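Trainee: Straight from TrEMBL, here's the annotation block:
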ACT_SITE  ASP88  active site
ACT_SITE  ASP290  active site
DOMAIN    70-403  domain 'Peptidase A1'
SIGNAL    1-21  signal peptide
Amino acid sequence: MGSSPRILLILLLLFCLEVGGHVVQIKLSARPQLNFTKVKRTPSLPKPSADSAKLDENFVERLNDHSLKYTGKVSIGNPPQVLDVVFDTGSSVLWLPRYGCHYAIPGRAMHYALYDRTFNPLRSRTCEETELIFESKYAVGHALGEQMKEFVSIGNKKIGPVLQYPSKVRIGVADEVSYTTDGILGLGFPRDFTESRGTSLISEAARLQLFSKPLFTTVLVECSKEICENGGHITFGSEDREHCEESFGRTPVIPLHPAKPLTHWAFEVNELSMDGKKIEMQEYLVAVSDTGSNTVMLPEWLLNKVFSRIPGKDKDIIQRVGDGTFVLKTRCNANFTLTVHTNHMDLELSSRSLLPAKPLNPQGFCYLNLSSSSSLKVMLLGAPFLRNYCVIHDFGKKELRFANLKMEDE
C-alpha cells in the first residue's frame, strides 16, 4: 500500500512528459487545385452518360483525383490569416501567393489572384520585409516574389492543436506563380536559404524541439469526390498508431546526387520490376516522397519502359499542351503492378491506384495518373503511391519508414 503514491507519481510524471513532448496531428483535406478564374475542370467533350454505349469513342476518362491536392491549415501574422496550403514533402519552405499576384499558364492569359486563399501582408501588424528575393521551382511550375518575416503556426487554434513558432520565420510571398495555385508548406530538409529561399519550418521545429520526436507521419486518404474534408492526417512528433500498423521496413534518406547535400526525402531504388519481371535500370535512380504531387512522375526513359509493358495494343503516350508533360492513355481495365525494391523492401504501385475505380466504360480509354517531363531525373512518388502506405519521415535518423494502413473496421 505504501508504494501506491510513488507509482501514481511516476505515472503522473510520464503523462506530463508525453504532454510536454507535444504531438500535433493536422487534419488534411483533399481539394481540387484552385485556379484564379472560373475554368472547366472536365474535358471539353460533352459530359458522358453513365450508359457506356453512348460514350464517344474518342472520350478518355481521367481519375477524379488527377487535380486534387492535400491541404491543411496554417495561421500567418497578427491578426492571424488562416489559409489552406499544400503540405509538401517534396520541397522545403513555406510560401504563399500574395493577394493580387499574377498567375500564368503559358499560352493563356495572365490572371490575378483576388481571393481568400492568398496572404495579404497589409492586413498583418507584424509582417516585416527583408529585401530578399524568393523563388521556388518545381518539376512543373514555379513561384517568384520576396521573402518576409512573420509569425507562423501550423494548424488552426479554433479547430485543434497547433505547432507554434516562438519567433518570426522567413516565408516566401509570391507575386508571380505558374501552374501551382495554392500556397505550399515544404516539409523537406534545409537548402540554400541565403538568397532565394526561406526558413525550413519542419527543420526549425525539430531544432527547437517543438515536438516530442524529430519525425512526422503522413496518412493520405483516397478521395473519389470533388472535395473530401477527411483527406488524411500529418502527425508531427510521433508515429501514427491510430491509423497505421507497425512499420515493416526502412530505407536511408540520401541526396538526389552523390556530390550534393541532403535536400529531399529521397531514397535509392535498388531494382524495379513490373508484374514480377525485372526492368533494366538505364541509370542511377532515386525516388522522392512527394505529398505535394497529385501524380506519380517518372524519368522519360522509365515511363517508356513501363508503357511498353502495359497490356494491350490500344495505348498511347500523349504530350500535354501547356506544361509539356507526357501522360499515358490506356484501356480502363489495364491491370499491372510496378514494384520499387529498396533496402530489402518491396513497395508496390498497382494500376488500381492510377485508374478510375468505377470507369464509365471499363473497356474504354483512361488516362493513367502517371506522367513524365523531359527534364525529370528522379521518381516523384506522389499521392497515388503514398495513399497505399503510412510513411514516417524521420529527421533524427535520416530515414523513411513504411507501414501498412489499418483497416477501416479496426
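Using the three backbone atoms N, Cα and C, a Cβ is placed for every residue, glycine included.
No curator has checked TrEMBL annotations; they are predicted automatically.
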Trainee: I'd like the number of other C-beta atoms within 10 A of the C-beta of ASP290 (active site), please.
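Mentor: Looking across every protein chain shown, the total is 28.
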Trainee: Under 8 Å between C-beta atoms and at least six apart in sequence, can you list the same-chain neighbours of ASP88 (active site), or say none if there are none?
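Mentor: The answer is ILE184, LEU185, GLY186, LEU187, GLY188, ASP290, THR291, GLY292.
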Trainee: Using DSSP reduced to three states, classify ASP290 (active site) as helix, strand or coil.
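Mentor: Looking at the DSSP assignment, ASP290 (active site) belongs to neither helix nor strand, so coil.
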